[in-house]
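Database features (TrEMBL):
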type	residues	note
BINDING	A:Asp90, A:Asp96, A:Asp98	Mg(2+) 1 binding site
BINDING	A:Asp229	Mg(2+) 2 binding site
There are 2 protein chains.
Amino acid sequence: MVASSSLRFDLKSYLKERQRQVEAALNAILPPQDPPLIYESMRYSLLAEGKRLRPILCLASCELAGGTAAIALPTACALEMVHTMSLIHDDLPSMDNDDFRRGRPTNHKVYGEDIAILAGDALLTYAFEAIARHTPEVPADRVLKVIAALARAVGAEGLVGGQVVDLQSEGRDDVNLETLHYIHTHKTGALLEVSVVSGAILAGASEELQEQLRTYAQKIGLAFQVIDDILDITATAEELGKTAGKDLAAKKATYPSLLGLDASREYADQLITEAKAAIAAFGAEADPLRAIADYITARKH
Amino acid sequence: MVASSSLRFDLKSYLKERQRQVEAALNAILPPQDPPLIYESMRYSLLAEGKRLRPILCLASCELAGGTAAIALPTACALEMVHTMSLIHDDLPSMDNDDFRRGRPTNHKVYGEDIAILAGDALLTYAFEAIARHTPEVPADRVLKVIAALARAVGAEGLVGGQVVDLQSEGRDDVNLETLHYIHTHKTGALLEVSVVSGAILAGASEELQEQLRTYAQKIGLAFQVIDDILDITATAEELGKTAGKDLAAKKATYPSLLGLDASREYADQLITEAKAAIAAFGAEADPLRAIADYITARKH
């Protein structure tokens, strides 16, 4: 399926161009300011190398729904800010205690725990400011919907809730598939889902289209996490840009540990098939989303 | 001045009634949910005894500007959520390392550092969701303005920026009045300012009225902090509900340490006079804001 999509659509060039666009926007929307230390810390993590998957999904979804990438760019930046905040806080000593991220020392290793916590707080806050202040082309009621949806995806009903259950599950050997599913649909899935759905809302998509895109996003979100679990076992630290084999060392419940490696790979493939089925009604305008779905199962890091 | 205001206006009853109203709204807008631990932690700090000064200022300002308290109540709750988040994160071991707050063990002493950080993140996020989702009576463009103003007051240009400079100033003996002023106008002042201004925006106040109220808020915000510094020296831990004498022990720059105790008290009085002058054009409808200004210099904790 990778091959057939690639015949029509050059994903590599598309992602490269979009990454460039998103990174230019991130750099512009959060320039160095006073007090210098906090902006350095925010920019250190925000501008570190990354796939920019969430912003790219938002832009692609907005375009599929008839909007322009330009109207979704501040929201796309906000999604990357929220994602970066979650990485900075997750890496803290009292959480996952990680020293490396995106191939570099984690934020608190460079700036200290206090500044890392505050940089996360400031990025989270600025995400909402960026959307509220920089989306004047879109009717205000739609922008409010995007803010409400993003907040729900990030808070105790979403990402934070997933992280809490993840922390509570650590070191326990009775974590079942249901709990693992909860953790991932909240910790990773919710933000990927709102990345896609927010683009559609900004474009003024119908409820029906929003639901199709939501299904697509839920499927690729879960597949993304299954692949992440697989890569933690099969990839090297160099490929990942972060510590490998952490889940095994921590005896963490993962899809491979509960389902086995082969069944996990099949599960991921099935989810990607279902994701593409959800947007099957569309023509070439959905090629970016199809190719991104394929890319998720094909990725090596 | 306390007496002359009190003749016309019963501040004690007013504050008691408003505290009751705000606390009922906080309890309703953030009920216990799954996963239980994070909601317990959020509610532990949010519903702990507090003056509710920021929400009350927001409601009073909205009414002065011709709106109802009802339309400002979700924003009022959001202000208390943001304030609570800042207390939870400030109290962390890597920041101010406080064991007691509002007369009870701090959040991380009860729930652990990891959950305390996440409870702060979730409260900060939910603040924006509460405003975006629960203010349907107000035109969406005004609600967006409130969200943008709140975010700016909380982020690296506001509260977080003030906290960063405060952390950087710790243990230094060369902190001057200018730096102290920066710290307080950002760490405490920005949120008090947006508390007042957001109520006015929701009510559709003119730019002129917004500016009058902004001046009022800036003056009482600074006075609040000067009094806080004075109370740290003169009040007991029991009165404060938190550790007393911390500033002295930490050799922290404060208004009393830079200006002396008497001059600090005079400065606070002068700020309150200026705050009331900014709203002198109003009649009895501004009595709550006048009485709150007096209350700030009169408070014992």
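The backbone N, Cα and C atoms fix where each Cβ goes, and this holds for glycine too.
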Checklist outcome for this item: Within 8 Å of the Cβ centroid of A:Asp90, A:Asp96, A:Asp98, the other same-chain residues by Cβ around the recorded Mg(2+) 1 site are A:Leu87, A:Asp91, A:Leu92, A:Met95, A:Asn97, A:Arg101, A:Thr106
Checklist entry - Where does A:Asp90 (Mg(2+) 1 binding site) sit by DSSP, helix, strand or coil? => result helix
Item to check | Nonlocal residues around A:Asp96 (Mg(2+) 1 binding site), in sequence order (Cβ under 8 Å, 6 or more apart) | outcome: A:Asp90
Checklist outcome for this item: Applying a CB distance under 8 A toward chain B to the binding-site residues A:Asp90, A:Asp96, A:Asp98, A:Asp229 yields none
Item to check | Neighbour-count leader, CB within 10 A, binding-site residues: A:Asp98, A:Asp229 | outcome: A:Asp229
Checklist entry - If you draw a 10 Å sphere around the Cβ of A:Asp90 (Mg(2+) 1 binding site), how many other Cβ atoms fall inside it, taking every protein chain shown into account? => result 22
Item to check | Rounded Cα separation (Å) that holds between A:Asp98 (Mg(2+) 1 binding site) and the residue listed as 'Mg(2+) 2 binding site' | outcome: 17
Checklist entry - By the DSSP assignment reduced to helix, strand and coil, which category contains A:Asp229 (Mg(2+) 2 binding site)? => result helix
